[in-house]
There are 2 protein chains.
Amino acid sequence: MSAALPPLHSLDPIGPGHRVTLGETLPLKLDCGLDLGPYQIAYTTYGKLNADRSNAVLVCHALTGDQHVANVNPITGKPGWWTTMIGPGKVIDTDRFFVICSNVLGGCLGSSGPKDSDPSTGKPYGLRFPVITIRDMVNAQAMLLDHLGIQQLFCAIGGSMGGMQVLQWAASYPERVFAAIPIACAAKHSAQNIAFHEVGRQAIYADPQWHKGDYFEHNTIPRAGLAVARMAAHITYLSEAALHRKFGRNLQNRERITYGFETEFQVESYLLHQGSSFVERFDANSYLYITRAMDYFDLAGQAGGVLANVFQGTKTRFCVVSFTSDWLFPTTENKEIVRALNAAAANVSFVEIETDKGHDAFLLDEPVMFATLQGFIDGCAEQRGLNGRSEKGGRA
Amino acid sequence: MSAALPPLHSLDPIGPGHRVTLGETLPLKLDCGLDLGPYQIAYTTYGKLNADRSNAVLVCHALTGDQHVANVNPITGKPGWWTTMIGPGKVIDTDRFFVICSNVLGGCLGSSGPKDSDPSTGKPYGLRFPVITIRDMVNAQAMLLDHLGIQQLFCAIGGSMGGMQVLQWAASYPERVFAAIPIACAAKHSAQNIAFHEVGRQAIYADPQWHKGDYFEHNTIPRAGLAVARMAAHITYLSEAALHRKFGRNLQNRERITYGFETEFQVESYLLHQGSSFVERFDANSYLYITRAMDYFDLAGQAGGVLANVFQGTKTRFCVVSFTSDWLFPTTENKEIVRALNAAAANVSFVEIETDKGHDAFLLDEPVMFATLQGFIDGCAEQRGLNGRSEKGGRA
């Protein structure tokens with residue numbers, strides 16, 4: 001495995017961003033029943049908040065994402081994970097909007113999580129960190145917005161687990177979200193998705209270097225187990241068609257098969273790289289916590305089992321986006337959200353985008369997605385009384 | 001993990017079956033270039049071979065299957081894996097046909113594989129066993145048929161990797177296969193399927209108890225790694241709909257979620273059971289070898305890249321079966337076989353069966369599959385001049 005990068009816990013994950021301590025006076029009441037406070041949230045911002053504080057856009061990141069959405073990532077040295085969507089003149093135009101992205105609670109890029117020191121012991125929390133939920137993540141983000149003096153978001157947007165957070169925002173704080181864009185997600189995590197997450201967790205538990213979560217005390221990390229977890233998950237982010245197009249049965253640096261157990265096919269090499277690079281940037285315990293948060297997500301369960309109840313009376317404008325080849329959060333699950341929103345008489349657009357790129361399409365160059373969201377955002381901005389698009393112009 | 005069963009390598013896996021030593025005079029020429037011989041093949045038979053030896057049916061098993069197709073499995077104590085299909089009065093009627101099923105070369109239920117002692121060292125082969133292919137498995141089966149004095153099979157049948165063997169039989173020995181029934185398979189292993197196999201292999205490699213394949217010398221087995229491999233694979237054998245129907249988001253022995261990392265959902269408990277029971281019955285190195293054999297399978301590659309060439313001039317009658325909810329070997333891949341057979345002017349039927357049970361549907365109670373195969377087999381038997389169905393009657 002690659003050892004080119006220094007270990008995650010020796011780096012400053014904040015990079016060009018900020019970190020704030022919250023919950024000092026009033027703690028965060030977690031779904032598990034515990035109070036958390038003080039705790040820290042790391043975040044980045046782009047653009048300027050306007051005078052009436054009406055142009056804020058909250059970007060919610062996915063399972064292994066982070067707050068470095070449009071700046072160079074200080075851990076990997078790579079561009080931010082959504083530079084296709086966010087920046088000057090882009091769909092989420094940083095010349096027009098004040099964009100905020102925070103590392104989720106339980107994460108490992110500067111927000112409080114299992115990697116942090118437990119003040120009561122001086123050692124990393126490990127599994128002693130309280131179990132968190134998507135709603136806890138959103139409540140922490142709401143306290144960050146309070147801190148920033150932002151009463152209402154112009155828009156909350158995110159894909160995958162980011163989309164779950166967007167839905168939770170609209171459910172928990174309808175008056176604080178003018179427009180909501182949940183992409184490639186679901187209102188509850190399916191049995192198959194729980195199963196894939198459990199495989200990943202079991203791979204981590206199976207690694208003796210995990211030490212029941214206390215690996216930092218043993219000066220190690222469960223590298224092999226976390227890599228296997230990432231490899232299994234990564235397959236689910238793509239589509240069979242994309243894997244076939246990219247790799248097919250092509251061999252890795254050889255003309256013919258060698259009849260052995262070394263890396264033989266390009267798709268194997270690709271997966272191995274996904275696994276080994278992931279362990280350089282992500283904490284194994286955070287992976288456990290965040291997958292668990294997704295598994296627990298069941299928005300209807302917060303309202304007597306009826307999803308439409310969650311959104312009753314909402315004034316938020318929704319744009320739900322799915323992808324034809326996404327088998328992790330297939331269109332049927334996105335449509336359940338749309339059906340519930342319609343049943344709640346909400347203002348909702350829905351677009352299923354034709355692509356063979358699978359679940360990860362939301363991170364990629366998808367012109368139809370950009371055009372759809374540009375139109376939706378422009379319309380909402382007009383309704384919100386925001387100035388027109390920046391003079392630099394957008395993609396369209 | 002359960003330790004109720006004695007360890008695999010202490011049991012007699014032959015049970016009610018037979019084992020024969022082959023390749024003593026002429027070795028088996030493996031695709032990897034090595035010669036193998038003598039080697040052993042364990043097999044079971046059911047029913048009686050008729051006077052003109054024209055009623056033999058070869059059943060080919062899948063990745064983790066074995067020769068105990070219709071008798072109690074001596075390792076698990078459970079019924080054979082295809083008792084829905086095979087037995088007196090069943091679709092493959094043991095009152096009518098002489099049914100043979102052999103453990104594949106490289107397997108762990110009595111046929112030569114990495115678990116065996118290497119005569120040159122007296123220690124288990126481990127990774128020193130030669131890498132094998134689907135064609136090697138089939139060539140070994142052909143030598144078994146020679147030994148049994150059977151020139152032509154009435155029928156070769158199998159699902160998944162069993163279907164790959166059926167296709168290879170029809171390609172390598174067209175004159176020895178009167179009828180061929182490949183179910184839920186493909187003429188080549190896809191990039192996505194190679195990827196899932198590689199995850200499983202990496203989970204085994206990651207287990208320190210694997211000892212680079214020499215675990216028996218360390219008096220251990222890579223239990224945790226093999227269990228993770230099985231869990232990941234098992235998800236691919238089902239469908240999202242089946243998982244939803246069976247488990248949904250139901251909790252395991254509790255009324256509400258407990259906010260922790262213990263088994264919380266029924267689907268997690270089910271997966272854990274699949275993993276822990278698998279390691280009691282299967283050898284980790286065999287898992288490596290057999291997944292590799294599937295990954296290497298590319299029938300068209302044996303004939304200049306054109307699948308139809310493989311079947312040119314064949315007189316074998318084919319019945320190709322796929323399942324609507326099988327995403328491991330989707331209908332599109334089964335149809336590629338049908339297209340090639342049509343291009344080769346072969347006699348071919350194709351049925352896509354509507355079911356939500358996923359890939360494993362071929363092992364389950366699927367009345368439409370039974371009716372389809374009953375009709376196909378009856379028609380072929382008539383053409384072959386075999387007696388009518390047994391007086392006990394079949395399913396129809």
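Cβ coordinates come from backbone N, Cα and C, glycine included.
These figures come from a predicted structure and were not determined experimentally.
Database features, via TrEMBL:
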DOMAIN    A:55-364  domain 'AB hydrolase-1'
ACT_SITE  A:Ser160  active site, nucleophile
BINDING   A:Arg230, A:Asp360  substrate binding site
ACT_SITE  A:Asp326  active site
ACT_SITE  A:His359  active site
Just to be sure I understand: of A:Ser160, A:Arg230, A:Asp326, which recorded positions have a C-alpha no more than 10 angstroms from the C-alpha of A:His359 (active site)? A:Ser160, A:Asp326
Using DSSP and collapsing to three states, where does A:Asp326 (active site) fall: helix, strand or coil? coil
Rounded to an integer, what is the Cα-Cα distance in Å between A:Asp360 (substrate binding site) and A:Ser160 (active site, nucleophile)? 9
May I ask for the distance between A:Arg230 (substrate binding site) and A:Ser160 (active site, nucleophile), taken between their Cα atoms and rounded to an integer number of Å? 16
I want to verify one value. Collapsing DSSP to three states, which class is A:Ser160 (active site, nucleophile)? coil
According to DSSP, which of helix, strand or coil covers A:Arg230 (substrate binding site)? helix
Cβ neighbour count within 10 Å, max among the recorded positions A:Asp326, A:Asp360, goes to A:Asp326
What does the structure give for the C-alpha distance between A:Asp326 (active site) and the residue listed as 'active site, nucleophile'? Integer Å is fine. 11
If I restrict to non-local contacts, at least six residues apart, and a C-beta distance under 8 angstroms, what lies near A:Ser160 (active site, nucleophile) in its own chain? A:Ala62, A:Leu63, A:Ile183, A:Ala184, A:Cys185, A:Leu328, A:Phe329, A:His359, A:Phe362
